[in-house]
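The structure under discussion appears below in the form of structure tokens.
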Amino acid sequence: MRYDRVYNFSAGPAMMPESVLEEIAAEVLNYHGSGMSVMEMSHRSPVFQEILSQAEADLRTLMHIPDNYKVLFVQGGGTVQFAMVPMNLMKNGVACYVETGAWSKKAIAEAKRYGEVKIVASSADKNFSYLPDCSALDIPGNADYVYICENETINGTAYHTLPDTKGKVLVADQSSLFLSRPCDVSKYGLIWAGVQKNVGPAGMAIVIIREDLIREDLPEFVPTYLRYKTHADADSLYNTPNCWSIYCCGKVFQYLLANGGLEAMAQRNEEKAAVLYDFLDRSKFFTAAVLKEDRSLMNVPFVSPSKEQDAEVAASAKAAGFDNLKGHKSVGGLRASIYNAMPKEGVEALVDFLKKYEAEHT
Ligand code: PLP
């Protein structure tokens, strides 16, 4: 790696494409002859307006977002969306959630503040190591929406087929697989993603919402900033937005467009993940944590024979230039997050390291 960089397997904030960082570095002091950095620029200036509208246009192109969906750049990261979704979409006060791990549990806990939450499927019985069958969910007629975490960053599961929501609005937290594969936006009512995994700097979420779900008749208690309508009406400029994050995300959208779009990303990500999973499935020392058919291509949790060995693997890996392999503190073990920006060579080098480690410790 150039610039003394390491292979960074962090779950987020995560690696960004090197060429994007180089472009940003070249523009950091003087953006396109404006004489200032994007960090120093008024969000109402024509220069920034152009950055914002180009970012939105590029995202629309990348994801083929239909015209009847709004794209919103909202501050507060993913956690704010746990609250905004129920506050804005619970009209009847009933919502269905699929419980698949740490992040859907957080969403469930937050939704319970605003209404009745029906858990229509769960994989809690086996420590969230698989995805429950979502082909015949028992969804009440008055449910406002069905919510999934499409990729559980900590537990390492990802949907490869969307649930049958019986015509109800599908809401998905796509944070950790956003832009990693093509997505048919028309199948969802609302998609949201915290950007710090596959896109840009933390502190912002991108929300893609079907226009008819943007309500005016919300309860008085819903704060102005937490209404999707506020952001939709103001084209994401209701207040000072996270200009820097929008700018960096825009750079990544351009990088993705120039590198084959989401189809190419999906192919690369499948090849990359296969390198790691094939090794884990053959290894007698390391074990992948998730059932084969439900595995995430982005977050790969695995374990060695003991907690002590897990810690030792993570420490020796770090010393060898493979950083952030320690599993999330709530589940332990090891985890390699291999988002779009992780090159295949990084995964191959990690596998070589793990193979060597295994040979030396068995
Ligand atoms: N949803 C998922 C799937 C996540 O992985 C995360 C964070 O890692 C969040 C939500 C919360 O995002 P934030 O930390 O931006 O609040």
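Here the Cβ of each residue, glycine as well, is placed from N, Cα and C on the backbone.
Heads up, TrEMBL stuff is auto-annotated, nobody curated it.
On the 0 to 100 pLDDT scale, the model's mean across the domain 'Aminotransferase class V' (6-350) is 97. Annotation source TrEMBL lists domain 'Aminotransferase class V' at 6-350.
Per TrEMBL, L-glutamate binding site is recorded for ARG44. In this structure, ARG44 (L-glutamate binding site) belongs to neither helix nor strand by DSSP; it is coil.
Marked as pyridoxal 5'-phosphate binding site by TrEMBL: GLY78, THR79, TRP103, THR153, ASP173, GLN196, ASN239, THR240. With a 10 A radius on its CB, TRP103 (pyridoxal 5'-phosphate binding site) counts 22 other CB atoms from all the protein chains.
Just so you know, the Cβ of LYS197 (N6-(pyridoxal phosphate)lysine) picks up 30 other Cβ atoms within 10 Å once every protein chain is counted. The DSSP secondary structure for LYS197 (N6-(pyridoxal phosphate)lysine) is coil. What TrEMBL records for LYS197 is N6-(pyridoxal phosphate)lysine.
When the Cα positions of GLY78, THR79, TRP103, THR153, ASP173, GLN196, ASN239, THR240 are compared pair by pair, the longest gap among these pyridoxal 5'-phosphate-binding residues is 30 Å.
Reported as a whole number, the C-alpha separation between GLY78 (pyridoxal 5'-phosphate binding site) and LYS197 (N6-(pyridoxal phosphate)lysine) equals 11 Å. With a cut-off of 6 Å between Cβ and the nearest atom of ligand 1, the binding-site residues GLY78, TRP103, THR153, ASP173, ASN239 reduce to GLY78, TRP103, THR153, ASP173. Ranked by Cβ neighbours within 10 A across all protein chains shown, the binding-site residues THR79, GLN196, THR240 are led by GLN196.
Here the CA atom of ARG44 (L-glutamate binding site) lies 35 Å from the CA atom of TRP103 (pyridoxal 5'-phosphate binding site).
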